[in-house]
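Chemist: Dumping what TrEMBL says about this protein:
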{"type": "ACT_SITE", "residues": "SER324", "note": "active site, nucleophile"}
{"type": "BINDING", "residues": "HIS164, HIS273, GLU510, TYR549", "note": "Zn(2+) binding site"}
{"type": "DOMAIN", "residues": "72-578", "note": "domain 'Neutral/alkaline non-lysosomal ceramidase N-terminal'"}
{"type": "DOMAIN", "residues": "580-748", "note": "domain 'Neutral/alkaline non-lysosomal ceramidase C-terminal'"}
{"type": "TRANSMEM", "residues": "12-36", "note": "transmembrane segment"}
Amino acid sequence: MGKRDKTTFSCLEVILIVLLVLMTAVTVTLLVLHFVSDKSTSEINNVSTSTSSPGYNFTSTQHPSTVGSKNYLIGVGRADCTGPIAEIPLMGYASPDQLAGGILSRLYSRAFIVAEPDNSKRVVFVSADIGMVSQRLRLEVLSQLKSKYGDLYRQDNVVLSGTHTHSGPAGYFQFTLFLITSKGLIEPSLKAIVNGIVKSIDIAHQNMRKGRIFINKGLVENSQINRSPYSYLQNPPLEIRRYSSNTDKEMVMLKMVDVSGQELGFISWFAVHPVSMNNTNHLVNSDNMGYASYLFEQEKNKGLLPGEGSFVAAFASSNLGDVSPNTKGPHCINTGETCDNPQSYCPVGGAKMCMAVGPGTDMFDSTKIIGQNIYLKAKELYATASQEITGNLSSAHQWVNMSDVTVQFNATHTAKTCKPALGYSFAAGTIDGVGAFNFTQGAVEGDPFWDAVRDQLLGVPSNETKDCHKPKPILFNTGEMLLPYPWHPEIVDIQIITIGSVAILAVPGEFTTMSGRRLREAVKSEFESQGTHGMNVIIAGLCNIYTHYIATYEEYQVQRYEAASTIYGPHTLSAYIQLFRRLARAIAKHEVQDLPKGPEPPFFNVTNLTLLPTVLPDVAPLNKTFGDVLQEVKQHYRVGEVVEVTFVSANPRNWADDMTDHTFLTVEKYENVSRSWRVVHNDASWETRFYWSKGLRGHSNATIEWHIPNTTEPGIYQIQYFGYRKVKPPLKPSVFYPFKGTSSAFEIIKL
C-alpha cells in the first residue's frame, strides 16, 4: 500500500505472550479504575417502549400484492457519518496496530422511510457505512428521534443496519470487550455516527412524497467464496444438495420512484464481507459495498460531487457470516501453497501465514473489482425491476434475554441458550484477517497455558457455562465477566418490518450462509401457515446490536471462527428461528400489540474515556507554516498516473465535528471561460487518497494522492488541503485555527 505498508517484526514467542498479557492487564485495570466509581445501570428514559404501530390492522390474509394497489409515502436521505480519521482504531479486525491514518472515502448513513398513504403507519430502514450497529449507538439514535418526533419513530419501526466495512472508526460501544478493542468509548466517533444517522432520517422525513416500490432479484457472480467450506459441509447432505452453491449469490433490491416516475433510490441486500481492504489498511473507507454505492450514486447524481444529489443507493449487508470477497482463496503468504484445510494452517509458519486475497493485484484493486461487480448487477436489476410491491406496512419488535432462551424442538425435547462466551478459535481470526499467537480454527480443546492466563486475569468459567457451550473450549467467559461493565450483551433486539409482501428480518449479528437460509425458510413457512402467502423474506445483517456470529448447530460442532464466535452456544440459531417465527406469527395474525416487549436493555453511563494519545499542539517546521508544500507536484501528468503532493500538516483529530460535512482535500480544474477553479474531486472520491503521517512533538505531514481516472479532461489542475491547527495558550483553553495549502498548478495532457 505504499507509504502505509505494515512492517512485520520477528520476536520470540514468549515475549509476544508477555506483552499481550501485560497489555490486557493494563487496559482492564485502566477501564476498571475509570469506570467503577461511576458505574450505573441507568437507561435512556425517553426511548419509546411501544412495540407495535398504533392502530395496526392487517385486513387480508391474501397474497399482499393482491391487496388494492396504492401509493406509499416515500422519503430517502443520505448524510455523512465519517468522524475522526486519525489515530482511531478501525472497527472489524480488532488489530491494535490498525489505527486510522487518513481517508480513502467518506462514510455515509442512507435512510429510507416508507409510510401508509394516510400516514398512519411507517417503517424506517437505515444502512450505514460502519462495522456494525452497537446497542449504545441505537439507544442514542432512538433518544434523539424521540426528542424530535415523539412516538413517530420507535424501536419497533426503525431498523439500523451496518454495511460491515472493516475500515470505519471504532469507539461507539458500551460493553467491555468492545471498549478494550476500541481503546475505550471515543465520543467524536460515536457522535459522528449518531448525528449522521439521525440527519439522514431527518432528510428522508423532510422529503417524503407519494411513490411506488418495485422488487427485483438476481445472481451476483464471481464476487464471493465461502471462507469456511469445511464447516458448511458439516450440514446435512440432503440440505446441502438443495443449493447450487455454498454461498447465497442472490441480490434482492427494492427500487423506489415517486408517482411522476422520478427516481428516488433503492435498497439492495447481498451477502459478502466488506473485507477487500485487509488489516494492513489505515485509510478510512466503506470498502466494496461502499464503492458500489459510490458508482451508482455518481451515475444518477450526474455532475455532482460524492455525497451530493437526491438519489440514494444503499448496498446493505445480509447473511455474510462465512462469505469472503477474497476470491483467490486462502494461500500461505510465505510459500504460495493453498491452506484450504479445516484448520487454515500452513506447514511453515502456522495459521498466521494463511490468508485469502483477490481478485485484484492489491486490496485497492480488489475492492474496486468486487464493488463494480455488485454495482453492475444492481444496475441491471434496477433497470428491469417491474414487480410492484403493494399492501400494508407493519412492524414487530421484542427485547429478549438471549442468554436464557428455552428452545422447544418438540413436545418432549428442549434446549437452552447460554451465557455469552468466546471459544479458542475466536482468537484465530479468519483467512480474511488472521489472529495472533497461532491460535487455529477448529480448536475443540483448550490449552493449559492459555487457560491459566485466562483464569488468573479474567476468572474461571463456571461448569454450567462450560457444559452449555460444549464442544466449544472457552477462551473468554464474557457472560460471567462484569467489570467495569458486562463484557457482552444479554438483552438483544428481535425485529421484523414488512412492506406489503416484503418482510425484512433485522438480525443482530452475522448469520452464516446456511443459518440465513434456515431462518428465511422458517419465517416464510410461518407466514404461509397463517395464510399469508408469497412473502419475500430478506435478512438484513448487523442490525440494532452486535452479537458476533450465528452458525448452525452442525457448523458449531467443528468450531471454526464463526462457530467459536457464536456467543450464546450451540442452539443460538434455533433460538433465533423460534423468536423470529413468533414475530412473523404476530404480524400475520394481527396480534403485534399482544407481544410482550421484553426486558429493556441497559444504558451504561460510560464517559469519554479513551486510551488514545492526547492531541498535542501542532508545530510547523522551522521557516515553514501550516499548509506549506514540502513535496511539490510535477508540471505534467497523463491519465492513469498518480499526482502526489505533501503538505505541512496538523492532526486531523482537531475540530473533527467541523470536518464531518467538509473535506480534507479538493482536486480542482481551471475553467478558462469563468476564469475560476472548479472542484472535480474531494476526499469522498475513490480516486483520491489522504495519508497523514505523525512526527515528533506536534509535527506531522499530509500527503495527498490523485489517481487520475481515464475520464479526466485535459487541462490545468491544482490540489488543495484543508485542516485545523491546535494552539494551547498558557492557562487558557485550546484554540483551533483553520488553514489550507495549495499545490502548484499542473497540466493533464492527452495520451
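Just so it is clear, glycine is given a Cβ too, placed from its N, Cα and C backbone atoms.
These figures come from a predicted structure and were not determined experimentally.
I'd like these features described in context: how deep, what's nearby, how far apart.
Modeler: Remark: SER324 (active site, nucleophile) has GLN224, ILE225, ASN226, ARG227, VAL272, HIS273, VAL275, ALA356, THR430, ILE431, ASP432 as non-local neighbours, by Cβ distance under 8 Å and separation of at least 6 in sequence.
Counting only same-chain residues six or more apart in sequence, the Cβ atoms lying under 8 angstroms from the Cβ of HIS164 (Zn(2+) binding site) belong to GLY92, GLY131, MET132, HIS273, PRO274, MET289, SER317, LEU320, GLU510, GLY541, LEU542.
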Chemist: Quick check: with HIS164, HIS273, GLU510, TYR549 left out, which same-chain residues have Cβ atoms within 8 Å of the centroid of the Zn(2+) site Cβ atoms?
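Modeler: Other same-chain residues with Cβ inside the cutoff are SER317, LEU320, GLY321, VAL323, GLY509, GLY541, LEU542.
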Chemist: Averaged over the whole of the domain 'Neutral/alkaline non-lysosomal ceramidase C-terminal' (580-748), what is the pLDDT?
Modeler: 95
Chemist: Tell me the Cβ neighbour count for TYR549 (Zn(2+) binding site), meaning other Cβ atoms within 10 Å of its Cβ, over all protein chains shown.
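Modeler: TYR549 (Zn(2+) binding site) is surrounded by 23 other Cβ atoms within 10 Å.
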Chemist: For HIS273 (Zn(2+) binding site), what is the tally of other C-beta atoms lying within 10 angstroms of its C-beta?
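Modeler: Around HIS273 (Zn(2+) binding site), other Cβ atoms within 10 Å: 26.
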